[in-house]
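Reading through the structure tokens given below for one structure.
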Amino acid sequence: MSNSINQSRRNLFSRRKSKVNRPPWVKADIDFTDICTRCDKCITACETQIITRGDGGFPEINFAQDECTFCQKCVQACPEPLFDLAQNVPWQIKATINDSCLANSGIWCQTCKDACDPRAISFKPAIGQAPKPLIDLESCTGCGACVAPCPNQSIKIQA
Ligand code: SF4
Ligand code: SF4
Ligand code: SF4
């Protein structure tokens, strides 16, 4: 591929880098879209089918239906030097809860807490109000298990 085409690919996708979640264990210091060949092998390998073809055909994580189990099948399926399992954590993304959370409307809902295996979500009792969720970012793995069950799509997983 020529340098000019490479450059235009970089320009096209660099703006979106911060918004898009790539699969876990992707090396932090690489330009993902320069190395990924869009072969779809990680998409096929993902046991929970959370890897989708995103912008430009590059793989993106989508937690709308399911979570990451950290099974590493995407890493094992990838033929390119994109991943590093020696990294301390699979990725830097964490859960954040936005203002649309039903607790802000006085509705008692603790669905996200029940979905969270590492118990990173807690609810602080408040007199006369619905308890609001709090996320312990140290415990949150960014697995996304809390996203799909939330009845109001109030949880995003992002860096
Ligand atoms: S670690 Fe497993 S569940 Fe997570 S994105 Fe990779 S293949 Fe999918
Ligand atoms: S599941 Fe969603 S709406 Fe319910 S408490 Fe958690 S963030 Fe709020
Ligand atoms: S992303 Fe996973 S670990 Fe983090 S709060 Fe949601 S369910 Fe818990």
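Just so you know, glycine gets a Cβ as well, placed from its N, Cα and C.
Among the features that TrEMBL reports, domain '4Fe-4S ferredoxin-type' is placed at 26-56 (among others).
What TrEMBL lists as [4Fe-4S] cluster 1 binding site is C36, C39, C42, C46. Taken residue by residue with DSSP, C39 ([4Fe-4S] cluster 1 binding site) is part of neither helix nor strand, so it is coil. Cβ environment of C39 ([4Fe-4S] cluster 1 binding site): P79 lie under 8 Å away, each six or more residues apart in the same chain.
TrEMBL lists 57-88 (among others) with the feature domain '4Fe-4S ferredoxin-type'. Confidence over the domain '4Fe-4S ferredoxin-type' (57-88), given as mean pLDDT on the 0 to 100 scale, stands at 97.
Taking the Cβ of C74 ([4Fe-4S] cluster 2 binding site) as reference, residues of its chain lying under 8 Å away and at least six apart in sequence are, in sequence order, P23, P24, C42, A45, C46, I51, P59, F83. DSSP gives C74 ([4Fe-4S] cluster 2 binding site) a helix state. Taken from TrEMBL, the feature [4Fe-4S] cluster 2 binding site applies to C68, C71, C74, C78.
If you look up TrEMBL, you'll see 131-159 (among others) marked as domain '4Fe-4S ferredoxin-type'. Within the chain, the domain '4Fe-4S ferredoxin-type' (131-159) has long-range Cβ neighbours (under 8 A, six or more residues past its boundaries) at 18-19, 21, 50, 61, 63-70, 89-104, 108-125.
The [4Fe-4S] cluster 3 binding site annotation in TrEMBL covers C140, C143, C146, C150. For C146 ([4Fe-4S] cluster 3 binding site), applying a Cβ distance below 8 Å and a minimum sequence separation of six or more within one chain yields A95, C112, A115, C116, I121, I155.
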_Positions on the same chain near the domain '4Fe-4S ferredoxin-type' (57-88), where near means CB under 8 A and six or more residues out_ = 13, 20-28, 30, 32-33, 35-51, 141-145, 147-148, 157
*Using a Cβ cut-off of under 6 Å to any atom of ligand 2, determine which of the binding-site residues C46, C78, C143, C150 qualify.*
C150
*Could you tell me which of the binding-site residues C36, C68, C140 have their C-beta within a distance under 6 angstroms of some atom of ligand 1?*
C68
*So which of the binding-site residues C39, C42, C46, C74, C146, C150 sit close to ligand 3, that is, with a CB under 6 Å from an atom of it?*
C146
*Cα of C143 ([4Fe-4S] cluster 3 binding site) to Cα of C71 ([4Fe-4S] cluster 2 binding site): how many Å, rounded?*
11
*Structural state of C140 ([4Fe-4S] cluster 3 binding site), classified by DSSP into three states*: coil
